Amino acid sequence: MNIMDFNVKKLAADAGTFLSRAVQFTEEKLGQAEKTELDAHLENLLSKAECTKIWTEKIMKQTEVLLQPNPNARIEEFVYEKLDRKAPSRINNPELLGQYMIDAGTEFGPGTAYGNALIKCGETQKRIGTADRELIQTSALNFLTPLRNFIEGDYKTIAKERKLLQNKRLDLDAAKTRLKKAKAAETRNSSEQELRITQSEFDRQAEITRLLLEGISSTHAHHLRCLNDFVEAQMTYYAQCYQYMLDLQKQLGSFPSNYLSNNNQTSVTPVPSVLPNAIGSSAMASTSGLVITSPSNLSDLKECSGSRKARVLYDYDAANSTELSLLADEVITVFSVVGMDSDWLMGERGNQKGKVPITYLELLN
């Protein structure tokens, strides 16, 4: 029975306190009651904490998007994290592309130029996928986790104490209001006693909140170290990817390098197939100062390297008079020409000469 009485009294006291705070808050909003202002230093600390929370959330969320662009995958990882379970490993985009390239190259034939190149590209893409996975793991551990710990831990504590400070401030101002309205000596003495208690509780809560807020500077220093770790992880990732692509470029250049023009050279703009075949001797196609004469003068083009035999892999129908039609399994002579697009070679069969796509050829010697 005594316990029940205590609970009822406590409930009544809590309800009275809540009502008192609500009345004080409403009167302040209506300009009918005075409001105790926090000191400037504490206000600055509160603003700094709020600003830190807002930008930390934005940086954290956008970093998650950067590392995992797939929103469904992010939701799945979030659910597994809340269930305290490890998310199942999933193949990432570079790894999937790499596997497709390897499968395609195997089907086209590793002995063909295109098939060989696809397999090499696929292996490199899979290595990039592994590096991507390592970047995500390292960044999540060294960068995202500390940011999330601040949002879900430190800042929640700050917000809780800030709310308590707000309540203590309302209690203090309500006590001041009651003291002003007190007329009888007994009521005034009681109000003065209440004011001293609420003032003490407010000062104590303000000090607790201030100490917590001053830790924001340490949070910034910690997040700076985490940011350095993130930058280092990105630097390692991009350096790995650059090295992988550099090695791949060397491998791809090893078998057709003598017949591919420099990719940095200006490409020739192909003549559209809709143009008439009969082009005057004065007609020319030019890009950036590079001039290629009409098809009738193709034989006058200067070869930039020796000729070489190539076997045709597939039938090819010329799109216009500058190109040479091909039949599968026939052997033609090919050579490169200064300024020609890297995807093309000059082909020669008897008295016929024209551009041929390199992907349709297998170099023989």
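Using N, Cα and C of the backbone, Cβ positions are placed for all residues, glycine too.
What Swiss-Prot records for this protein:
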MOD_RES   Met1  N-acetylmethionine
REGION    1-37  region 'Required for membrane binding'
REGION    1-30  region 'Membrane-binding amphipathic helix'
MOD_RES   Thr145  phosphothreonine
DOMAIN    305-365  domain 'SH3'
- the region 'Membrane-binding amphipathic helix' (1-30): mean pLDDT? 59
- Any idea what DSSP makes of Thr145 (phosphothreonine), helix, strand or coil? helix
- Query: Which residue counts does DSSP yield for the domain 'SH3' (305-365) in the helix, strand and coil classes, in that order?
  - Reply: 3 helix, 29 strand, 29 coil
